[in-house]
Amino acid sequence: MFSCNTSTFAQSTFLLTGFPGLEASHHWVSIPINLICVVSILGNSVILFLIRTDSALHEPMYIFLSMLAASDLGLCASTFPTMVRLFWLGARELPFNLCAAQMFFIHAFTYVESGVLLAMAFDRIVAIRNPLHYTTILTNSAMVKVGAAILVRAVLLNLPGPILLRRLLFPQISILSHCYCLHCDLVGLACSDTQVNSLVGLVSILFSLGLDSSLIMLSYALILRTVLGIASPGERLKALNTCVSHLCIVLIFYLPKLGLSVLHRVEKHSYPALAVLMANLHFLVPPFMNPIVYCIKSKQIRQGLLKRFHQKRVDIT
């Protein structure tokens with residue numbers, strides 16, 4: 001049933017995988033994951049609402065933050081439905097077209113988030129190195145162009161993936177490694193030659209996550225060089241403090257990916273449930289933590305949130 005002897009073109013049924021060995025406890029195990037998803041959706045929706053309705057937050061840094069929140073919501077929408085179906089309804093089956101579509105959106109929103117983090121790093125460079133030209137460089141039209149470029153790049157880099165998958169042969173029933181569809185997972189299940197698919201996937205990662213992470217590190221090297229040139233220790237600390245929130249979400253975004261990569265190469269087969277948990281956290285932690293980090297570190301976000309609560313209390317009274 002799972003053999004390549006009965007393989008077909010784009011007619012395979014893919015079976016999602018929950019936590020191996022814990023199938024009887026999926027309802028309980030999934031409770032914290034579902035709570036993380038709900039909090040992520042609520043938190044990012046609140047961030048978008050605050051930035052949209054508060055004129056004091058109509059600044060480049062917060063416009064980029066709204067883009068990040070939108071990409072986090074897109075990532076939640078791409079992964080949450082299949083996780084709910086799997087953990088609560090026991091529905092494991094996904095047809096090829098639905099699996100390919102989910103794969104496209106998951107990777108696209110991941111690349112969008114990576115691009116937004118790079119744009120936010122550029123925002124911090126301009127704010128620290130050229131504060132007098134900040135508003136003239138990061139104009140509304142410039143931010144619209146940056147946002148459009150990030151979105152177009154994500155679409156163009158991910159569009160070949162689902163198209164090239166249609167030329168591959170898959171078993172009639174294929175078991176995925178996670179509770180959602182990823183490009184590397186699907187390519188690994190194919191029965192035909194996957195060299196072109198692997199090459200396209202590698203190029204896609206290099207021109208998105210690889211390029212973005214390298215440029216972000218370069219950005220912080222330039223920021224650190226500029227800050228160390230400031231004579232006053234107080235001004236140095238103040239300049240670095242403006243980067244803390246962004247640096248935290250960069251680490252939150254990239255460290256789970258690094259941990260998952262190491263786990264897949266070292267202990268994936270020894271602890272399959274841990275590998276699945278890491279894979280879930282890999283997509284769930286950034287959308288969950290990003291609103292929390294900015295609510296804690298950003299005084300403007302906190303003030304906007306308190307102002308809305310105060311206004312609501314006054315209206316009720």
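FYI, residue positions are counted from 1 along the chain as it appears here.
Using the three backbone atoms N, Cα and C, a Cβ is placed for every residue, glycine included.
What TrEMBL annotates here:
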{"type": "TRANSMEM", "residues": "31-51", "note": "transmembrane segment"}
{"type": "DOMAIN", "residues": "43-294", "note": "domain 'G-protein coupled receptors family 1 profile'"}
{"type": "TRANSMEM", "residues": "63-88", "note": "transmembrane segment"}
{"type": "TRANSMEM", "residues": "100-122", "note": "transmembrane segment"}
{"type": "TRANSMEM", "residues": "134-156", "note": "transmembrane segment"}
{"type": "TRANSMEM", "residues": "199-224", "note": "transmembrane segment"}
{"type": "TRANSMEM", "residues": "236-255", "note": "transmembrane segment"}
{"type": "TRANSMEM", "residues": "275-296", "note": "transmembrane segment"}
Go through the chain and flag residues at least 6 beyond the ends of the transmembrane segment (100-122) whose CB is under 8 A from any CB in it; none is fine as an answer. 61, 64-65, 67-68, 71-72, 74-75, 77-79, 82, 94, 146-147, 149-151, 153-155, 157-159, 161-162, 165-166, 180-183, 186, 204, 208-209, 212-213, 215-216, 219-220, 246, 249-250, 253, 283, 286
Any residues 6+ beyond the ends of the transmembrane segment (134-156) with a Cβ under 8 Å from its own? 60, 63-64, 67, 107-109, 111-112, 115-116, 119, 123, 126-127, 207-208
